[in-house]
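Asker: One structure coming up, written as structure tokens, with questions to follow.
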There are 2 protein chains.
Amino acid sequence: MFSGAQISLYPMTDDFVGVILGAIGALDPYRSNFRIETDDLSTLIVGPPEQLFPAMRDLFLAASRRGVHCVLAATVSRGCPGEPDDPICTPIAGSSDDRPLESRIAAAVRHVETAPRTGQVVAAQFSLYPLGSGHHMDEIYGCIDFLKRSGVFDRSKNFCTKLCGDAGPVFATLSEAFLRFGAPQGHVALDLKVSANSPSKA
Amino acid sequence: MFSGAQISLYPMTDDFVGVILGAIGALDPYRSNFRIETDDLSTLIVGPPEQLFPAMRDLFLAASRRGVHCVLAATVSRGCPGEPDDPICTPIAGSSDDRPLESRIAAAVRHVETAPRTGQVVAAQFSLYPLGSGHHMDEIYGCIDFLKRSGVFDRSKNFCTKLCGDAGPVFATLSEAFLRFGAPQGHVALDLKVSANSPSKA
């Protein structure tokens, strides 16, 4: 199964280049597990599905540390039938999960409860797309049920769900949504924006 | 059918608030056709599907005019079964299209050819998600065929397609991809980033 993300960092400052270059080092601990490519629009990371959100969290925390208003936008995908299988994407801890919806929801809630706190409050909104299945709305509603029990649920919006809280549990919640909903070997995409230090409240 | 978009503008400047507030007026000609709501993460526009991309184009051009590096990110959706039908979303010119794939591709190419030029070069990348259908990859491959004939195709990337060119045909291409691929009354989502004035080439 192929898994990865196209990630963009948007620091709302004249020194956006400096903020981005200063944050990139946060990906160093992940480099041995990822293939990484950058162009003018985004950085591609391809690697184990359960490391994608921890890597994005660390990158975003590094960019937000100076207090500048920053947004991370990402298109995250697993199981796309248009991509070749890649051994680099093998789940490290067997993250694929084919238990019934209720068991997956309970396991996801437990994972979020144990996520380390970071001290950085963020707001996030995302959409989950389980593709190619006739039951995509069942998986979406199951995921929304989990989100409401995650402790970082803010509200449902049109086309997406908004989370708010410490970056640790917020990124853990996003990771659980991505890993545990939609068929285990199916095609799942996730469209994400995370914001820190916004002048219009986080 | 419900249709709309969650739109965010990211101007990479200390004066990001000024750039955003200065650009918002570009939505005025669309206000009578749209419901518009803003929070700290995005602005929701709900309205006729064929006006969503022209509105985003005009907003983005207004923000980019000062030469600042700007990104517009949007989650665009039509036909979501979780949203109530809304008369404000009625297509103005009957944009739903149930012809065979080849006819839809040809019609989309013709529409892009007649799109007005704006003088602003942009780079864009997007993913199209036709949901709840067993044939979602057929529609995606058909859409990619159209994109390659659009005149603004740059390249295929992992998880998305990159376009480059004048904002007029680029936004027209995005609109055609959104309106004509996936089932006419089906659930289609589109995840978009558009960039202007990037120091790392457009």
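Including glycine, each Cβ sits where the backbone N, Cα and C put it.
Copying in the features that TrEMBL gives for the protein in this structure:
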BINDING   A:L9, A:T43  thiamine binding site
DOMAIN    A:4-83  domain 'Thiamin/hydroxymethyl pyrimidine-binding YkoF putative'
DOMAIN    A:122-201  domain 'Thiamin/hydroxymethyl pyrimidine-binding YkoF putative'
Asker: So for A:L9 (thiamine binding site), how many other CB atoms are inside 10 Å of its CB?
Answerer: 24
Asker: Over all shown protein chains, what is the count of other CB atoms within 10 A of the CB belonging to A:T43 (thiamine binding site)?
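Answerer: Around the Cβ of A:T43 (thiamine binding site), 18 other Cβ atoms lie within 10 Å.
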Asker: So, by DSSP, how many helix, strand and coil residues make up the domain 'Thiamin/hydroxymethyl pyrimidine-binding YkoF putative' (A:122-201)?
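Answerer: Helix, strand, coil within the domain 'Thiamin/hydroxymethyl pyrimidine-binding YkoF putative' (A:122-201): 27 helix, 32 strand, 21 coil.
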Asker: For the domain 'Thiamin/hydroxymethyl pyrimidine-binding YkoF putative' (A:4-83), DSSP counts of helix, strand and coil?
Answerer: 34 helix, 25 strand, 21 coil
